[in-house]
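Q: Mind having a look at this structure? Questions to follow.
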Amino acid sequence: MAALDSDSDEDLVSYGTGLEPLEEGERPKKPIPLQDQTVRDEKGRYKRFHGAFSGGFSAGYFNTVGSKEGWTPSSFVSSRQNRADKSVLGPEDFMDEEDLSEFGIAPKSIVTTDDFASKTKDRIREKARQLAAATAPIPGATLLDDLITPAKLSVGFELLRKMGWKEGQGIGPRVKRRPRRQKPDPGVKIYGCALPPGGSEGSEDEDDDYLPENVTFAPKDVTPVDFTPKDNVHGLAYKGLDPHQALFGTSGEHFNLFSGGPEETGDLLGDIGVNKGRKLGISGQAFGVGALEEEDDDIYATETLSKYDTVLKDEEPGDGLYGWTAPRQYKSQKESEKDLCYVGKILDGFSLASKPLSSKKIYPPPELPRDYRPVHYFRPVVAATSENSHLLQVLSESAGKPTNDPGTRSRHQLNACKRGELLGETPIQGAPTSVLEFLSQKDKERLKEVKQATDLKAAQLRARSLAQSASGSRPQPLSPDVGHCSWHMALSGGMASTRTSNFKPFAKDPEKQKRYEEFLANMKRGQKDALERCLDPGMTEWERGRERDEFARAALLYASSHSTLSSRFTHAQEEDDSEQVEVPRDQENDVSDKQSAVKMKMFGKLTRDTFEWHPDKLLCKRFNVPDPYPDSTLVGLPRVKRDKYSVFNFLTIPETASSPVTQASSEKVAQHRASDKSRKPSRWDTSKEEKKEDSISEFLSLARSKVGPAKPEPSPLVNKEEARATESVSNKVVNKDVDSQTEGEGSRPSMDLFKAIFASSSDEKSSSSEDEQGDSEDDQEGTREADFKSSQETDLVEASSVAQASEPAPQEPAPFFPIQKMQIDEREAFGPRLPPVFCPNARQKLEAPLKEKHKKNKEKHKTKKEHRRKKEKKKKHRKHKHKGKQKNKKSEKSSSSESTDSSDSQSEEGPTDLSPQELLRRLKRLPLRRQ
C-alpha cells in the first residue's frame, strides 16, 4: 500500500503490512519453534491428520462436507409465473474453502490484469484481432482464442528472456536515451534559412540534463529491413494479394454462381457474403502445441480483406509496416475495357478475362547435319606404333580431323624425357632403364633396319589409301563413306601379313562369325565392297556401322598381336567362368519366343514376363500374407549363369587347335576327375598337401607304380607258367574289385583285415578284450596266415633276385598299371591306405576275412563256457605259432645269401609284425625298375 502524507514535505512510500505497536513494558513474543507449531483452521480449531485411507487432513466439519448437517441436495422450483433461472456453475462452486485457500488446489492468487500488462506487444496482431471481433458473426467471439490457444513461445523467445531481454525491447547493444545530433559537415553548403543552433526541442535537452552519463537503455524494437530481391512486375514496395491465400484460396476475383445480383454487391471483406452458413469467427488451435514446439500450418485458415487497411493514412510512429491496398480500385477501368474486347453475351457464371493469355514462343528444332549419328561413338585408342600407323591414319581420316604434329602435342602427352628434349636439356646418365640398352651395336642396327622397312611399308599403304580417298572426295567435309573406304584400303594392305585362320572373335554368334569370315574372304580377293556384301540387309544403319567397325578392328588389332601372345602365353587347362553372368532363371530360355512374338506383332500374353519371386519373410509378416515359399531360403529372383553379351566379345583371343599330346593328357585328366567324382568321399581321404607331406604314402605309391606294373624280361630263373598264373590272378582281382564297386560302395571291410595287416605280436598279447570276442576258427586263420606269409616271402625273394639279375630294358608299361591304381584308390575310399600288393595271393588274403566275418556272426551267441574254452585254445595256439615263427626265421637266415640282403630283411617278419617306420626303411632298399 502506498500512503501519501500531505503534511510532510517528503514523499514517503511504505510497502507491506506494519507491525502493531507494542505497549509500554510489554516484551516481544518469542517465535514458536517448528516442532511446537500446530495446524489449525481459519477458526483456530485443531486439524486432525487421518490415516492412509483418508489421505490428509479432515475434509470439512468433523469429517463432513462443510456443515454440521452435511451435504443436502439443492431444491429446484419452477412455475409458469416464476421461471427458475439457469444457474451457470463453475469449478469453484464444487470446491471447499480449503481448496480456495492459499495452500489449496485452486488458490486465489494475485494475477496481473491486462490493464497492467505491457502495452508494447505486437500491434499488428492486436489490430487484426479487433477487426476480426468487430466483423465476426458473433461479436467478441475472438476472445475465446485467448482462453483456448496456449502460449506460442519459441525456443529463441525463451533464450532471450533468460538472457535479460524483455518483451517490447529491441535486440542489440544498449544505448542512451536519445542519440546526439550529428553536427553538420562545415564543408557542406546550405541553401535557404539557417536552422537555430540549439535545436527546437529545448524541453528534451532539459530532460537529458537530469540523466546521468552512465545510464543506458535497451534499443528500440524496430522491424528489420527485408532484403528480399524483387522478382515481380509490381511497383516498388507494392505487395499484392496472393490468390492462393486471399479470398478463400480462389485465384482471381471471387464470384458467386448462385446469387442473382451483380458482382458489386459482393462483400469486400469476404467473411459472410460467400457462404451464409459458415461461421468464420473462431480459428486457431485448441491444444497440443507446447512452448518448445513449432506450430503446424493451419490448413483451415481463411484470408479476408478485413485484416488489411483499405484507407491510406499516415504511418503510426514505431510501426514500420505498410498497409495493403485494395485490388478492387481498378474495377472501373476494367469495366470500360470489357466492351472493347468482347462483343456478345457472356454466359452466366463466367466473366471475361482481364488479361489475354501469354502465348508461348515456339522455337524451331535445330537442323541436323548430314553425318549426324544419334548415338555417340567412342573411337578406339590405339598406341602409336609401327604396326598400327596405318590404323591411326584411318581413324584420323574417318573422324575428319588431321593428325596432330608431334611438336604441337599437349603437355599431358609428353613425358619428362621428351619435355627435356624440347627445352634443350642434357639428359642425365643413369642406370639403363630399358632392355634395348643392353643390346650390342650390331643388334641395334639390325633392329633399326627392320623398323625402317616396316615404316616404309606403312608409308606406302598410307599413301595408297590417301590417293584412293582423294580421288573420290569433294570440298565438303569427309562423310562416313569416305572413312569406311579408307578402312577397306588399310585392311586390304595389311591382310597379307596377318593369319586369321584360327582367330574367331565372334564364335558365340555363328551368323556374325560367318559374315566375318565372308568379309575376310572378300578382302583377300580385293573386292572394294566386301563389307557391304556380307552385312545383313535387315539391320539398321547404326548396327551396320557398328558391325563394320568391329570387323575392321578385329582384323587389324588382333591378327598382328596373335603371334606375340601365342609366344608368351599358353592355353588354359580349365574353362574360365568369367564369361557368364547371373540372370533370372525364368529369363534363360524365353528370348526366342518373345522375339518371334514381337516380329509377328502379337503383343499381350506372349510378350509378358512371369517371374518366380521369393519375398522376404519379414515382408510377408508386415503385409500379413502367407509366405508362398515357406521352405525357401532364397530372397528375390532365382538366378542361373549364362553368357554375357557385350559389343567387345571379340576381344578375347580364342584357343588354337591343341596338339594330340595335349588332347590325350586332357582326356586322361578328365577321366581321372570323373573317376574321383564317381566314387563316394570317405573320411580317410586326404588332401593333396597332406599326401605330399606324408612320406610313407609317398614311398608306397612309388613302390606301387614301379614294382607293381613292371614285367621283368623272361629269364631262366622265372617260370613262364608262374607268370601266367600271377597275371590271371591279378586280372581276376581287378575284375572283382570293379564289380564290387558297381554293386555297392557303402560296405566297408571288417576290422580283422586291418588287424591282420597292421597289428603286431605285442598288441595281440595285450588285447584281452579282443580275445574274448574270438571264435573257433582262429586255428584255421593262423594256418592261413602262416601259409600266406611264407608264400609272400618266397615270391618277394624271387622277385628281388630277378630284378637284380636282369638288366633294365626299355619296355612300355603294361596296361595293367592304371587298372591296378584305380583298384587301390577304390580300396582307400573305405579305410586307411593299404600296403602295396607284391604277390598274387592277395585275393586269398582278402577272401579270408569275409568268411571269418560270416562265421563270427554265427558264433556270437554262444555261452561263456565255450568262450573260456576258446580262450585256452588260443593261448596254446599262440605258443605254437610263436615257436613256428622263430623256426622259420632261423631257416630263412641260413638259406639266404649275402647278395639278397634286402629281400631277406623284408622276409624276416610278416606284414603283421612290421611297424610303419620299418616298412618304410625296407621299401627304400627295394630294387626298383628304371624306365
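Just so it is clear, glycine is given a Cβ too, placed from its N, Cα and C backbone atoms.
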Q: In Swiss-Prot, which of the ranges 72-92, 261-281 has the region 'Disordered' annotation?
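A: When 72-92, 261-281 are checked in Swiss-Prot, region 'Disordered' belongs to 72-92.
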Q: Looking only at the domain 'G-patch' (152-198), report the model's average pLDDT.
A: 72
Q: DSSP on Ser358 (phosphoserine), three-state: which is it?
A: coil
Q: Going by DSSP assignments with H, G and I as helix and E and B as strand, what are the residue counts for the region 'Disordered' (72-92)?
A: 2 helix, 0 strand, 19 coil
